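Feature annotation from TrEMBL assigns transmembrane segment to 16-38, 58-79, 156-181, 193-217, 229-255, 267-288, 303-324, 331-354, 360-377.
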Amino acid sequence: MNERAGLWARFTESRAFLPCAGFAAGIFAGGVSVLYRLSLQFASDTLGHSLTFIRKNAGWTAVWFLVLIALAGLTSLLVRRQPLIGGSGIPQLECELHGKIKSSWLSVLLCKFAGGFLCMLGGLSLGREGPSIQLGAMAGKGFSRFLRRGGEEERVLISCGASAGLAAAFHAPAAGVLFCLEELHHTFTPRLLLPLMTAVLSADLLSVQVFGVGPVFQFAPQTDFTPVLYLLVVPLGLLLGVLGAFYNAATMAVVRFLQDKSGLPVFVRLLIPFLMAGILALCAPSLLGSGHNLVEQAAAGDYMLEILLLLLVGKFLFSLLSFGSGAPGGIFFPLLVLGALIGCSYGVCAVELFGLEKDLIAAFLLLGMAGNFAAIVRAPFTGAILLFEMTGSVHTLLPLLAVSLIACATADALRSAPIYDSLAARLNAGRRSEA
């Protein structure tokens, strides 16, 4: 017994410990993320079947609104029980890693999982990626507690879980590592990098067994960008930087109003987007949910410019309301959808004005997603690599990097704070005032 304890003690002090622990944490966190993704797919399918039934049986519309009220009530119970599940979870994770908050990993994991499922079932415009990162991080923290690790080692395992959660959610292991280094830690060290790499490896291996090896999106632009086409990337990057700064300002304004100044109870705050989802289900169902189908349809050229602009405004407003209410869900994927609609609109205009090939529309759509992410989150390399992994399009990798850097620099020039930094600062200020 003493010999085993001695071997374990020597192993935990060796360089191999954290990479091995990261691999194991990746399995745990990746498993949670995979289950969450499956649950949201079920919720999305159930929502689709329900809306199809209601369109054929209008008399059930009132019943659906009663269901939405019940979903808002259940979600509010979860948020009141565990306030740290509100929003995407990434600002909470940043605060946790910097020692500013301490969360109950099991409570956050269970409540966030259930809350995200209820919001997707109701059709709110929220994403799975932020919650997947928080769920993965809490799984990593739970694994750390199981191993009885603390301090820096616990922070590393929490980071491993976060990276694994993103990798499993998007089938994007490289983006999972980059996001953790670029957004959460703002530093690159071998002691952190190796465990992150083993964590995303195990998480992605697990995800592939369930969802297959295909990319998240089914379109992959094959256009080779000539020097002339790169000239069109510059104004797109500038436009995305300006719109990204506006998005950040609008999001923080809505969050502060609904959650800090309005004085509305949690249930009433959450009821607003749930009821709006019910109204949109009757007149604009394509705006419901995260917006994955919206991106695929736009890439296929299913929308005229006027429709794209209407969808952009509608998705923007509904996403603001959904996230600003404090519902458990992220802005990660909705902001990619907004970028896709901006890029697609830009591509349609470029094709019509300059007589370019229509295949370029899908390429500009992809650039719009990366640039919008970079401008809002201020993580240009993560944005470029993420969209590369989500489509598998080698031809657009350099343009993705170019538009991301331009959009990021533009937003910086406008002195727009990164969205997750602003949300984390608000969270810290709120906890200090409570103390």
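Every residue, even glycine, has its Cβ placed from backbone N, Cα and C.
Automated prediction, rather than curation, is the source of TrEMBL annotations.
Scored on C-beta pairs under 8 angstroms, the neighbour of the transmembrane segment (331-354) with the top count among 156-181, 303-324, 360-377 is 360-377. Long-range contacts of the transmembrane segment (303-324) within the same chain: residues 87-88, 119, 124-126, 247, 250-251, 254-255, 257-259, 272-273, 276-277, 280, 284, 286-287, 291, 294, 297, 330-331, 334-335, 337-338, 341-342, 344-345, 348-349, each at least 6 residues beyond the stretch ends and with a Cβ under 8 Å from a Cβ of the stretch.
Against the transmembrane segment (229-255), the recorded stretches 156-181, 193-217, 360-377 differ in Cβ pairs under 8 Å, and the greatest number is found for 360-377. Residues 183, 219, 221, 223, 225, 229, 232-233, 236-237, 240-241, 243-245, 247-248, 295, 298-299, 301, 331, 335-344, 346-348, 350-351, 383-384, 386-387, 391, 393, 395-396, 399-400, 403-408, 410-411, 416, 418-420 of the same chain lie 6+ residues outside the transmembrane segment (360-377) yet bring a C-beta within less than 8 angstroms of a C-beta in it.
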